[in-house]
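**Q** Okay, so TrEMBL annotates it like this:
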- 107-114, 189-193, 247-250: GTP binding site (BINDING)
- 268-281: domain 'SRP54-type proteins GTP-binding' (DOMAIN)
Amino acid sequence: MFDSLNERLGSVFKALKGRGKLTEAHIEDGMKEVRMALLEADVHYRVVKQFVADVKARSLGREVMESLTPGQQVVKIVYEELTRLMGEASVPLELSGPKPAVVMLVGLQGAGKTTTAGKLALYLRKTGKKPYLVPADVYRPAAIEQLQKLAGEIGVPVYPSESSADPLDICLDAREDARKQGCDVLLVDTAGRLHVDETLMAELVRIREKMTPSDILLVADAMTGQDAVKMASAFDQDLGIGGIVLTKTDGDARGGAALSIRSVTGRPVKFVGTGEKISALDLFHPDRMASRILGMGDTLSLIEKAQEMVDEKQAADLERKLRKNEFTLEDFRDQLRQVRKMGPIGDLLKMLPGVNEKALGKMNIDERELVRVEAIINSMTPEERRRHAIINGSRRKRIARGSGTRVQDVNQLLKNYTQTMKMVKKLNKGGLKGMRGMRGMLPF
Ligand SMILES: Nc1nc2c(ncn2[C@@H]2O[C@H](COP(=O)(O)OP(=O)(O)OP(=O)(O)O)[C@@H](O)[C@H]2O)c(=O)[nH]1
C-alpha cells in the first residue's frame, strides 16, 4: 500500500526542501501536487479538500515561512495532519462488560472475515486472553470448516457449528460453552453477502440484540478503496460498528481506504491485515502509518514484531550493538535465524525506513536467500565476520567457493551489510533514542 503516494509526495517534498526560502506560490504549487497525489491514491475527494486546506493554512503561517527550514516544516505539518486524519492514536478492541466479551466480525464476502477471526484469536491469546471462536456463517459452505481448521492450527476452542442451525442459536449456545470453558472473549464470524442487503442486516441486528457485543468490527478489503469506505458507512448506519479491520494492506491497494475511512465514517481503523499468514495482523497506529506513507519506515512495528519472537535478552544485546555501531556479520547471522521465525522477510524489510517497496518488489526476496547468506557468512573467518573491511578480492572468491555461491552474491551481501550499517549509523547520530522515538527519526 501507499507505494505511489509515497513516491509522489517524496518528489513534492524534495522540491520544497530544496529551497532556502518559500514563497506563497511555492506552497500553492506544492499543495496542488499533494492534492493530485492524494486523489490518485483514491482518497475521498472531500477528505482531500479539507486536508489540503488545513496543511496550506498551517504552512502559510509565520513560524513556517520565517523559519530557517520551511520545506522541512511543511513535511512535518503533512506528517502531523496525516496522523490526525487517520485518528491520532490507536484504538484498542473494546472488551468491557460481563465475560465473555462478545466481538462480532461483520463484512462482505471475501473481505477476509474468517481469516481475520483466526488472526484475532491468535492476537488475543498473545495478549493473555482466552478467546473462543464461533463460526456463525452457515451460508458459505466452507466457512465453518475454514474457521475450525484455523482454530485447530492455533489451538483455540471453537464451537462445533452445523450449517443447518440458526446463527443466533449457535451464538447463544457458544457463549454458554465459552463460559463453561472459562474463555473471556467470544469472536463471532458472521455471514457475508456480495452486497449489503436487508436480510443480512436483519440477521446481524438480531445477533447484536441478543448477544450485546462489546465491539463490532467491520472487516473491509483495502484493495476496494472507496467501496470499502461506502460499505463501512452502510454497516455503521444499520448496525453501528465499533471499528474497522482493513485487510490486504500487503497488496497494491493505493491507500485511499486507510486514509479516508476514519474521517468519512468517524470510526477508527483498529487493525490491519498484512498477509495471508495467521500472524499477519497488526494494531493500527496512525502515526506509524503516516511515517510509512512519508517513507520514514515503521521501525517501531518492526521492533515490536521482533520483540514478540526474539528472546528479550538477545533483543537488548542487538539494540545495544546497533546503537554502538558494533553489529557484526556474526551478529547478523544470528539474527537471520531469528528473522526466519518472524515470517516473510519482505514484510520485515518493508518496515525499515528508507526501503522502497518498489525496489523490494524487484528484489524478489526469497527465503532461500537467507540460507545462502548464512552459508556465505559461515565461510568467513571469525575475524572477517567481525571486520568485514578486511575481506579482499581473492578472499571473496574463496568464500564464494566455500559456500557454494557466486562472487556476486558475496559482493552483494557485503554491500547490503555496509549500506545497512551506514543507515544505522545515521539513525544513531540523529538521536534515535533506543529506537523508541519515531520523532527522532524524522528528517526535520
Ligand atoms: N494478502 C492478504 N490476503 C488476505 C488477508 N486477509 C484475508 N486474506 C485472504 O482473503 C481471502 C478471503 O478471506 P476469507 O477469510 O475466506 O473471507 P471471508 O470474508 O470470511 O469470506 P466470507 O466467509 O465468504 O464472507 C482468503 O484467501 C484470505 O487468505 C490479508 O490481510 N492479506
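In case you wondered, yes, glycine gets a Cβ from its N, Cα and C as well.
The model shown is predicted, which means the values in this text are computed figures rather than measured ones.
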**Q** Among the binding-site residues Gly107, Gly110, which residue has the largest number of other Cβ atoms within 10 Å of its own Cβ?
**A** Gly107
**Q** Taking the Cβ of Arg193 (GTP binding site) as centre, how many other Cβ atoms lie within 10 Å?
**A** 15
**Q** For the binding-site residues Lys113, Thr190, Thr249, which Cβ has the most other Cβ atoms within 10 Å, all shown protein chains included?
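**A** It comes out as Lys113.
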**Q** Filter the candidate list Gly110, Lys113, Thr190, Arg193 of binding-site residues, keeping only entries whose CB is under 6 Å from an atom of ligand 1.
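**A** Checked binding-site residues vs ligand 1; flagged Gly110, Lys113.
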**Q** Across the domain 'SRP54-type proteins GTP-binding' (268-281), what does the pLDDT come to on average, as a whole number?
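**A** That region's mean pLDDT is 92.
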**Q** Counting by DSSP, what is the helix, strand and coil composition of the domain 'SRP54-type proteins GTP-binding' (268-281)?
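**A** Its residues divide into 0 helix, 6 strand, 8 coil.
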**Q** Please classify the secondary structure at Lys113 (GTP binding site) using three-state DSSP.
**A** helix
